Amino acid sequence: MTSSLLLAFLLLAPTTVATPRAGGQCPACGGPTLELESQRELLLDLAKRSILDKLHLTQRPTLNRPVSRAALRTALQHLHGVPQGALLEDNREQECEIISFAETGLSTINQTRLDFHFSSDRTAGDREVQQASLMFFVQLPSNTTWTLKVRVLVLGPHNTNLTLATQYLLEVDASGWHQLPLGPEAQAACSQGHLTLELVLEGQVAQSSVILGGAAHRPFVAARVRVGGKHQIHRRGIDCQGGSRMCCRQEFFVDFREIGWHDWIIQPEGYAMNFCIGQCPLHIAGMPGIAASFHTAVLNLLKANTAAGTTGGGSCCVPTARRPLSLLYYDRDSNIVKTDIPDMVVEACGCS
């Protein structure tokens, strides 16, 4: 039991701390294991805790303000590169994209106030909004052109009254969705977690609401946020096959529907967590993926033979390469977040 718990912890822990205790056997080297179903439950539980920890969540979000299918479909069309699979691989600074749907307040026929809340779950700390755009749906009488003023309101000192930071003027001549790129004042407000906009019709008296906010036309802000960090590309190691007992990568798939997370995780449907298992003879210690040259293997074998009294037990089968998980999900404010969670997928295993 203890051996299997240590194994599962090792699978999800950073590779830099995989150092076996002196005189002890590595927990991934074929010691006593749990029953297959118990091991599966343990790995699923650890996968859930790992995702929540890396999203800075104490528990899975509860959707108090569900988004309609029509609004979700419209919003996703404006995301750049919605993930089709679970893996991404690049060397860019890590970024995420957030879609925040508006809460409407203090509105009249000719003026609409929109409030947007940006959670700090995933983007806590050094987040910086790089781009932000307002998407809103306008319904106008035919053959008319109206001027729309968009005001960016920010909180004053000590979070007191809202004050005008900047404003934009738009000529709107057709019904439908319209996009307004937002400048640094609005981006700074998004970075701080809250943005308030006022949309005002200039020189016109509307007979009915021009800015629609129903289920299918709910305004939203799409923001691109820089989080920091880089992904590294590593070569693949050896996959477990048949009855092999050597260090290898064992495939393990986490199905979000199976664990009851499909309501708040939009994409993907699951991901390949994988883990490392198998024995590590001393002569292949320190060889990532057991893929070093024959000459290196010979040198390590000679080193092992000259180590008096040394037995196989000081080297562990550990992850040597990981990849991020690309996730599209609802946060606790019902915003849609697209982000890459680093080090979630074990790509290769080797002996420490």
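Using N, Cα and C of the backbone, Cβ positions are placed for all residues, glycine too.
Of the listed cysteines Cys240, Cys276, Cys280, Swiss-Prot assigns the disulfide bond with Cys349 to Cys276. According to Swiss-Prot, the cysteine that forms a disulfide bond with Cys317, out of Cys240, Cys247, is Cys247.
Looking up Cys240 in Swiss-Prot gives a disulphide bond to a cysteine among Cys248, Cys280, identified as Cys248. Checking the candidates Cys190, Cys280 against Swiss-Prot, the cysteine paired with Cys351 through a disulfide bond is Cys280.
Within 10 Å (C-alpha to C-alpha) of Cys349 (disulfide bond) lie the following recorded positions from Asn110, Asn143, Asn161, Cys247, Cys248, Cys317: Cys247, Cys248, Cys317. Neighbour density for Asn143 (N-linked glycosylation site): within 10 A of its CB lie 6 other CB atoms from the protein chains shown. Look at the disulfide-bonded residues Cys240, Cys351 and count other Cβ atoms within 10 Å of each Cβ; Cys240 has the fewest.
For the disulfide-bonded residues listed here (Cys247, Cys248, Cys276, Cys349), the lowest count of other CB atoms within 10 A around the CB belongs to Cys248. The subset of glycosylation sites (Asn110, Asn143, Asn161) lying with their Cα within 10 Å of the Cα of Cys247 (disulfide bond) is empty, i.e. none.
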